[in-house]
Amino acid sequence: MNRLNPFSKSHSKNSNENNEVSLADVAESDTRRHWLGLTKREFKLMGFAGAGFFLDSYDLFIINLVSPIYEYLYWGGLEGKKPHYPSGIHGLVNAAANIGNVFGQILFGFMGDFFGRKFVYGKEMIVVIIATVLVIALPKSIPTPLGKMMWIFAWRWLLGLGIGGDYPMSATITSERSLLSRRGTLLSIVFSFQGFGTLAGAIVTIILLACFEKPLNQRGEYTKLEGVWRLQMGLALVPALLVLIPRLTMKESKSYEQSKALNKYTDNDTYIADDDEPKKDNQNVVEEKQINLTTSSDSHPTSTEDFGDKRASTVPTSENTSGFIEYFSQWHHFKHLLATAVSWFLLDIAFYGVNLNQSVILKAIGFSSGKNEYHTLMRGAIGNLIIAIAGYVPGYWFTVFLVEKLGRKWIQLQGLFITGLMFAILAGSWDTISTGGRFACFVIAQFFSNFGPNATTFLYPAEVFPARVRGTAHGLSAALGKCGAILASLLFNFLTSVIGYGNVMWIFCGCMWGAIFFTLLLPETKMRDADEIDREEVLRGGNGKTHQGRWSWYFNGIF
């Protein structure tokens, strides 16, 4: 059973066992399901991959709760005075981690395809740990507020670099270690840890403020906020250290091993073996050694006998960028990359525009006002907690339980439409709707963002692309998404001061509804094996298996 453990270092002596688990092993593992129907193997995978997303979310969104403290401490916002925190600097600090994300997602995604999942996984966590220590080590000797913000910006950029690496690597590793019928559920569980990270940020802030209540609220010693924000950010080191060693010692993905050991093809598609086997043309390879990695039911998962020793029916290796360029030079592949990237970009403009500025928005709608700075901070943290409990976390778990029933495409489409509708309601009635009404709209928008595109934009690149380009394609999609987050971070405070909150909500609405068109380009990936489709294209030509019938436009994607 060690072969079922993704973290085991044991190696089978049997050549077949080196390729894949047997039918008996899979059947045995699937009968021992525990919490949420997970096997022990899946539970470990969810823990180590999910803990990374818990940390990612905590680190990305804690700045939303720390920013008001920066206003009070460094920008003259104490004693009821209006802070002089420039909107450009404010936006830059908020965007720092997302800017780093872009570079991290592309860099680690490419390295994951080029060097292997094992070589890369865990290195991103080392970057996160180093960056977190440097952020909270902000020297008090830096004399100016601008200098302090530049220190924080620099190291939160590095933090974002590490966090960005976690997106493509965790998605790819989870996708490649999952049965087809469980893949969407497992990917959704991993991504749902983002909700717990956001929830934890609000809870930690409330606890820390309560611990500092006497000096802050009763004695007005607001210099103690230095300790509060450093603890808020520094506590992220706990999950980072817990998952570091398991990630560094994780075995290589079987799918990646197969893709690297695959046959190479010449320009005329002649088969070239990795050993001394004679060359054969594609048709002979298909006839003699055709394999099938997926079936229509769970009772027939991949077995060792499907592979054989020659590995003849697998896709070509991708040891350089030529394979990536060749794959996406075809429109029916490129449109999927275009759709995953642009829909993620449009989503993140609205999603991060709200989440990175949630405390500011709560203050604008009148929820987080208080009689002094302490009460304002506490009310802001409580508002974030309510939104996380009522909308953020439940949305993720609706996706977990329904993704294999409704499919990815339906969840993404309905989430985009309803979230856009909430922004339209806010935009059209911003000056007339009550505080409670605004708050309810934001809660509903958060729910359908997460029972919708925020989860599925993460799932799609992990499922729609084959293993040989999966890491890079996921990294590029996520990176363009983070460009949307950066845009929102940099422009939100400026735009709200120029055109008002209502018009900004119209922009968010347009982004959500605009993403609907790009979603229609995508196929439904439920029970879809991208590697099998890729093999059929390489060995036989054509577009691989597609859905036929009146709903083909939906299941295959338009154009």
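Numbering starts at 1 and runs along the chain as displayed.
Keep in mind that glycine also has a Cβ here, set from the backbone N, Cα and C atoms.
What Swiss-Prot records for 291-305 is compositional bias 'Polar residues'. Taken from Swiss-Prot, the feature phosphoserine applies to S297, S299. According to Swiss-Prot, the feature region 'Disordered' maps to 1-22, 290-316. Annotation comment: Swiss-Prot describes 1-45, 166-188, 246-335, 403-409, 460-474, 519-559 as topological domain 'Cytoplasmic', evidence class sequence analysis. What Swiss-Prot records for 67-94, 140-144, 210-224, 357-381, 431-438 is topological domain 'Extracellular', and it gives sequence analysis as the kind of evidence. Annotation comment: Swiss-Prot describes 46-66, 95-115, 119-139, 145-165, 189-209, 225-245, 336-356, 382-402, 410-430, 439-459, 475-495, 498-518 as transmembrane segment.
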Sort the residues of the topological domain 'Extracellular' (67-94) into helix, strand and coil with DSSP and give the three counts. 16 helix, 0 strand, 12 coil
With pairs 6 or more apart in sequence, are the transmembrane segment (439-459) and the transmembrane segment (95-115) linked by at least 3 Cβ pairs under 8 Å? no
DSSP on the topological domain 'Cytoplasmic' (403-409): how many residues come out helix, how many strand, how many coil? 6 helix, 0 strand, 1 coil
Tell me if the transmembrane segment (95-115) touches the transmembrane segment (475-495). I count contact as 3 or more CB pairs below 8 A, with pairs 6 or more residues apart. yes
For the topological domain 'Extracellular' (431-438), the averaged pLDDT of the predicted model is 86
At a Cβ cut-off of 8 Å, and with pairs 6 or more apart in sequence only, do we get at least 3 pairs between the transmembrane segment (498-518) and the transmembrane segment (336-356), yes or no? yes
Can you say which of 119-139, 336-356, 382-402, 410-430 has the most Cβ pairs under 8 Å with the transmembrane segment (145-165)? 119-139
At an 8 Å Cβ cut-off, counting only pairs 6 or more apart in sequence, do the transmembrane segment (189-209) and the transmembrane segment (382-402) clear the bar of 3 or more pairs? yes
Distant-in-sequence neighbours of the topological domain 'Extracellular' (210-224), which means Cβ under 8 A and at least six residues beyond its ends: 72-73, 78, 372-375
